[in-house]
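Enquirer: Under the heading domain 'NADH-Ubiquinone oxidoreductase (complex I) chain 5 N-terminal', TrEMBL lists A:71-120. What TrEMBL lists as domain 'NADH:quinone oxidoreductase/Mrp antiporter transmembrane' is A:139-427. Annotation comment: TrEMBL describes A:12-32, A:91-113, A:120-137, A:143-162, A:259-280, A:286-308, A:315-334, A:340-361, A:389-407, A:436-457, A:526-548, A:657-675 (among others) as transmembrane segment.
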Amino acid sequence: METLTQGNLSLLAALTALLPLITFLGITLIPGKQGRGAYFSIFNISVSLLLSAFLFFKIWNRNIVHEQLSWFTIGGTEFTAGILLNNLSVLMLVLVSLISLLVHIYSTMYMLGDPYLHRYWAYLGLFCFAMLGLVIIDNLLIVYMFWELVGFSSYLLIGFWFTKEAATQASKKAFIVNRLGDLGFLTGIMIVFSTFRTLDINLLFGEEGLVAQTVGSGIAPGAWLTIAGLAFFLAATAKSAQFPLHTWLPDAMEGPTSVSSLIHAATMVAAGVFLLARIYPIFDPTVLVVIASIGAFTAFMAATIALTQNDIKRILAFSTISQLGFMMIAMGVGAYGAGIFHLVTHAFFKCLLFLAAGAVIHEMAHFRAKTEADFDHQDIRNMGGLRKAMPLTFITMILASLALSGIPFTSGFLSKDAILIQSFEWADSQGGWVKLIPYSALLTSLLTAFYIFRLIFKTFFGEFRLKGQFSDKVIIHEAPAAMKYVMVVLAVFCLFLGFSFHPLSYEGSWILQGLPQQAIKHASVFDYHTFIPVIVNVLAILMIALAYKWYVKSKQAPDLSSNPVFLFLNRQWFFDDIYQRLFVNGTTKLASRAFLFDKKVVDGLVNLIANIGIVLSKISDWLDRYVVDGLIHAVASMAKTIGNFARNFQTGRLQHYLLTMVLVVLCFFIIKLFFPAI
Amino acid sequence: MSLLSLLIFLPLAAGLLILVLPYAWQQRYKYVALAAVGIQVIMSAFIYLNFDGNAFSGIDAKSKYQLVEQVSWINLQLGRLGSLQIDYFLGIDGLSMPFLVLSSVVMFIAVLSSWEIKTNLKGYFALLMLLNTAIMGVFCALDFFLFYIFYELMLLPLYFLIGMWGGARREYAAIKFFLYTLFGSVFMLLVIIGLYFSVQDPITGNHTFNMLHMMNPDNYIPGSIFSALAEQQIFGIPARLLGFIVLFIAFAIKVPIVPLHTWLPDAHVEAPTPVSIILAGILLKIGGYGILRICMSIFPDAAIDSAWWLGLIGVVSIIYGALNALAQNDLKRMIAYSSVSHMGFVLLGIASITAEGISGAMLQMISHGFLSTMLFFLVGVIYNRVHSRYIHDFRGLALIMPKYTTFIMIAFFASLGLPGFSAFIAEAFSLIGAFTSESVNGLLPRWMAICGSIGILLSAAYLLWTLQRMFFGKTRLMGGEDWKSKLTDVNGREIFVLTSLTVFALLLGILPSLAFDKMNASVLELIRLVNLK
């Protein structure tokens, strides 16, 4: 085994990331028939998965692999590009490539028949490349590059159906909101670079890294480092759809469901959390409190919105935002490992929820096409009773929902408990208003149980609601094999066994043991480890029962649609409207003002100067013509007049000349007489 | 005759050849021009490959320039005033060499896009070749007088190229462009004369136009107007500061900076596609190059004093240009304003006087050279087919022109700074330089870099908005079916041009060392010179 040096391992890691890029390049550069590339891309991502698994077993809980090459030099600073593999990055490698492979397989059936299918495979390849690159690279600037590339491939995939107006709007919105976050990233990079003159993650954030030394020594340029932390967090809020930059994610549901599942649920949105983990030492306590509070607020807000939505994908989108909020709480309270743990479990169950929803949507769309009816095939109010037609989808989705609600024996139970318990312990050590954070997280997890089971009950229970209209043509059945088995695989990962042998205690989980732990030594009077799981589960089961009562038993949930609170939640706390008015309209208005200013004032001034020049030249022309030239003309005509006058004397007659002579002589004498002085 | 002279005068020869060729061959003029610029591309590639960035750091030492040619050109004995000494003095260093490559490539593409020109081909190609000569001359000249001659020589062909082959308001645009630029350069001439009388050749003792001598404070005659020690004043302003400002304004008009930018949208919009390409791809860079080569190097003390203002102008240009671009309905005008915004990064980077900032600014100029060329070429493609450039006239072009849409997306995303393309590295380092300036030399406050980064956000806004409006959705065209049949996808020649530009942008984005390695020593040398005061 000694043949595998560090260099070889990092080459393998690079290959893992590059294979999907080869997919992208191969499909876009080599022409061929439309819809090509499925096997090519599945093959490449499978190899990526195998390599990631291999790397995982070589590196997990062993040495860190760090290899770098010189990239370029500016001034005296050499910028390097390299690969940094630690527990976090190999875990992410496996997660991303596994879920990508599953979604690839699922897509073969889900996207079947799309005229631009080859583009779809290419874009997926680009995304996987960006995401895999993001988790292994060691230089902040290149992380930023992959970070944007991830956003770009997400842009391409959200707007995949580019003739759909809503889809293109959504893709634009997603990119611009993410760009706003990127400014934070860039600001962070600028601060880090100007402070430490390097962007090497290992040098900066390693155990004995520059940041750790600076923070420890207390001579830190404190304020700027705090700002850097906040700036990086801003980047994470955009990518991980946290308040106030969360509004793009629900709209991103305009993309294909398989994409929503891979990118907007399992992997890309988790990149924000990953980033926080990668550069964790930079966050000082102030920033951590901000992270925790934003996370808690976002989790709560998104959960309340999810209660009132009817589009199956939008409910799941808000659920994603809410769960990402949980991960942020974990990061904020120092439960780094728990945050990543939840990232992993969430990736599986949320991916499954989306894929199962995709199966439902797929069937509903077929149904709509067959009946040629006009209804929204994503609206859960049009569904119902699907458990009979799609039993497997139903069972897998139930499993995923249990995991999302954090019911025992699921993976979600372990990771959510880890977050809740550690946040309570953290709050105890902090005191003050931050004590609200764990309680709000608790409340949110109850809302979670309610909204997801509302979705389940409305979709799968009762009777099919459109049956009355098309009673003869109801032909909804299970999804095709490729989609079905992917869902089964994911469902297995929703159980506790993949993560821990003990179903009720998160502490035995291998993921947590491989990652840094919360530093707080709890000396609490409560034993949160017993209390929290019990309380959460009892209440969650009550919530599920309530949902069952409302949506299955009584068939008629209380009508709240006129309630202002309902309206407030249904309109997503009006964030979209406010942003539209304030920022979008504000910017366009500012832009048109700027253009008006440019045209009227700046260019107006130029034209004014030009016109003044013209007027001046007209005046000088006039002067030239009538005054200067006039004078010359006057002189000339005077000479002419005198000449004419003198010409009169030149008559040619001798007597006239004689007379003139006499007159001149006479004049002479007269003058001489009167002015003798001359 | 050395390589640089050949590079400069080859197009002139081609232009003369075109002039004497009979009219019957006018369809072949373009091939003559293409051959000339093709050879130029090969020569500049050769120069690039043989350029040793570390050895030839240039700036103020003649020995550190590559391919130096110095011949006495005009040498007049003026009696008591001494002798007038003007040299034919060429040479390249890390600041000028990249622009030779850029110019030859952009020129090559401009000739390729001249296929659309249909009238008066003899005049057109002859003027284009004259312009080419002037541009190459500007980047090679090291004698200020020679520089000025080439600099002014650019105006003449451009005036006619815009005024005769342009769009509807071509005459207005041409004269505006001409007067605007002339306004700057006339005052520049005064400063050149002032410098001439202030500087003497250390060996012969004559006054000299040699730029390298002007960069050395020891060569200034004590008590002369621009001598740093004399601290002369003109109108109550220190003479050296005034000289710097005058030169800066002359070059800033070319860059252009807000508020001296209004010639640009008009000239770009009215000019025919190839001329727009040259304007955006090369002409604007002469402004930036001039600031580095002349303003900063000859008046380093004034440059440091004015750095704050330069940075401010840069930030204002970035944001103001982007906002204006957002408000445009004409695609070409939008791209013109986006140039203002992107060139703002150049100024911001230069003002920081840090290695990161100046390298970023240099790369931004090169990157913008390729990308704006690509953008104007793309606009030309669509304008050529249906004679409209209004964003509202098009919708859903992706369905009927898929390849074109791919290239437009590449160009748009590259210019909004997508990583992997050159503009990303360039803008990132311009901003990083501006940000680190406070801790390195204290010239620029940090908020400037942060405000400048807003330009990156706005550029995403206007480009993506345009993309969504023009290319996505269901196809709907102003001209209906007629347009639909005319809007054919890009042909082989166009694909060749667009692909090669994409490759350049990608190469520089992924391997910025291709540019940085060649210029790094010169940038450091420049910073050393400036900090020397």
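Each Cβ is built from the backbone N, Cα and C atoms, and glycine gets one as well.
Because TrEMBL annotations are produced automatically, they should be read as predictions rather than curated entries.
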Enquirer: Counting a contact as 3 or more Cβ pairs under 8 Å, with residues at least 6 apart in sequence, do the transmembrane segment (A:286-308) and the transmembrane segment (A:436-457) touch?
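Expert: Contact criterion met.
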Enquirer: Other than its close neighbours in sequence, what residues sit by the transmembrane segment (A:120-137), given a CB gap under 8 Å and a spacing of at least six beyond its ends?
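Expert: Distant contacts of the transmembrane segment (A:120-137): 13-14, 16-24, 27-28, 36-38, 40-41, 44-45, 48, 52, 81-85, 88-89, 92-93, 96-97, 100, 103-104, 107, 111, 114, 143, 146-147, 149-150, 152-154, 156-157, 160, 256, 259, 262-263, 267-268, 271, 274.
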Enquirer: Tell me, please, if the transmembrane segment (A:526-548) and the transmembrane segment (A:389-407) are in contact, taking contact as 3+ Cβ pairs under 8 Å between residues separated by 6 or more positions?
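Expert: Counting Cβ pairs under 8 Å, at least 3, so yes.
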Enquirer: Go through A:12-32, A:340-361, A:389-407, A:436-457, A:657-675 and flag the stretch with the largest number of C-beta pairs under 8 Å relative to the transmembrane segment (A:315-334).
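Expert: The stretch with the most close Cβ contacts to the transmembrane segment (A:315-334) is A:436-457.
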Enquirer: Just to be sure I understand, if DSSP states are collapsed into helix, strand and coil, how many residues of the domain 'NADH-Ubiquinone oxidoreductase (complex I) chain 5 N-terminal' (A:71-120) fall in each?
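Expert: Residue counts for the domain 'NADH-Ubiquinone oxidoreductase (complex I) chain 5 N-terminal' (A:71-120) by secondary structure: 28 helix, 13 strand, 9 coil.
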Enquirer: Averaged over the domain 'NADH-Ubiquinone oxidoreductase (complex I) chain 5 N-terminal' (A:71-120), what pLDDT does the predicted model reach?
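Expert: Across the domain 'NADH-Ubiquinone oxidoreductase (complex I) chain 5 N-terminal' (A:71-120), the average pLDDT comes out at 88.
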Enquirer: Mind checking which residues of the chain, 6+ beyond the ends of the transmembrane segment (A:389-407), have their Cβ under 8 Å from one of its Cβ atoms?
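Expert: Those are 319, 323, 345, 348-350, 352-353, 356-357, 359-360, 363, 413, 416-417, 445, 448-449, 452-453, 455-456, 460, 464, 476-479, 484, 487-488, 490-491, 494-495, 536-537, 540-541, 544, in sequence order.
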Enquirer: Pairs of Cβ atoms less than 8 Å apart decide it: which stretch in A:12-32, A:143-162, A:340-361 has the most with the transmembrane segment (A:91-113)?
Expert: A:340-361
Enquirer: Sequence-remote contacts (6 or more beyond its ends) of the transmembrane segment (A:12-32), Cβ cut-off under 8 Å?
Expert: 40-41, 44-45, 47-48, 51-52, 54-55, 65, 83, 85, 93, 97, 100, 118-119, 121-129, 132-133, 136
